[in-house]
Amino acid sequence: MTMLTPSTRRAGAQLTRALATHATAPSEHAAKVTRHNWRRKEIKEIYDSPLMDLVFRAASVHRQHQDPSKIQLCTLMNIKTGGCSEDCSYCSQSSRYSTPTKASKLVDLDPVIEAARKAKENGSTRFCMGAAWRDLSGRKRGFDRILQMVREVRGMGMEVCTTLGMLSPEQARQLKEAGLTAYNHNLDTSREYYPQVITTRSYDDRLETISAVREAGISVCSGGILGLGESDADRVGLIWEVSCMPEHPESFPVNALVPIPGTPLEGNERVPHHTLVRTIATARIILPKTIIRLAAGRNTLSEAEQAMCFMAGANAVFTGEQMLTTPCSPWDEDKDMMGRWGLSGMQSFENASVAKKEGDRLEGTQPTKSADVSAGL
């Protein structure tokens, strides 16, 4: 009979633990370092790693920087539909395509306030407003109305986000003064693939708007869309692009294309779930303090598929009646799902990156809890 010495037993135990996961979690020091000098090759190696190892690593990084039991609930309202002069090949709001989406004018203030109140009552702590414009040039009256919308929603204690096309530094400053929390301006894909998707606005145009938003002290929400016909290299390129920014975006939306009849991409196939998970996990590792937002196309995922996205590091969703032009999962369904998985809603301004941007505005105030969130969802 072979006797095991204490040192042999310790070695065996260490070997067993390593084989149990087949992946080593990053050290505490390494996980807490936020880098802005990632090389594409490094990101590609992470993206290409075995999927289970990748998810395990992403989950480990997530736990180093954020509470993995918290999900930010956001509601999106289309405040001005259709008639956009851009040629984004995925968008039904472009005036260049014949789609089911019909153009309408900017909505009045009252419907926005009513929608924001309903969203808050149902557990959303961020209210987002989108207008289908290339930019705000010549829209002074409309912009003034939007500034009032921002003030009113912010007065409810909610985070406020808008997406209004390209912004000038002065317009960004005015939005900040009105109380805007975040501005969404997606890069959509890699710089290399971008011309295959949009020709009416350059990649640098988008980066200039993001710079104006950042310099105004507004949180940046910028991510991309999967399923445009891009390659894995383009998904890596998108993540690399945002990783090089002076500040990582506070929010990185990951959208799965919902093909809309009449658009050039109407025949594109649904992006595979494993590609969605791989992109989320890679983004979580590269952008450890960023909110990874599971956005368009989530309603096509099963509950188990969504749960794997949360395991990989996604920690925000759009919930409510619908997104801009695509379906959305209802509040009640989302709250039931989150309850089954032990998840709860994030409070307004709970994210450290958002709170830092808000600065003195949050002094003497407490993060907002909706009735549903405080009940534990």
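Using the three backbone atoms N, Cα and C, a Cβ is placed for every residue, glycine included.
Ranges compared are 117-145, 349-377, and TrEMBL records region 'Disordered' for 349-377. Other residues of the chain with a Cβ within 8 Å of the Cβ centroid of Cys128, Cys161, Cys221, Arg293, the [2Fe-2S] cluster site, are Cys74, Leu76, Arg126, Thr163, Ala182, Asn184, Ser251, Pro253.
Between the CA atoms of Cys128 ([2Fe-2S] cluster binding site) and Cys88 ([4Fe-4S] cluster binding site) there is a gap of 21 Å. It is Cys221 that, of the binding-site residues Cys84, Cys221, has its Cβ surrounded by the most other Cβ atoms within 10 Å.
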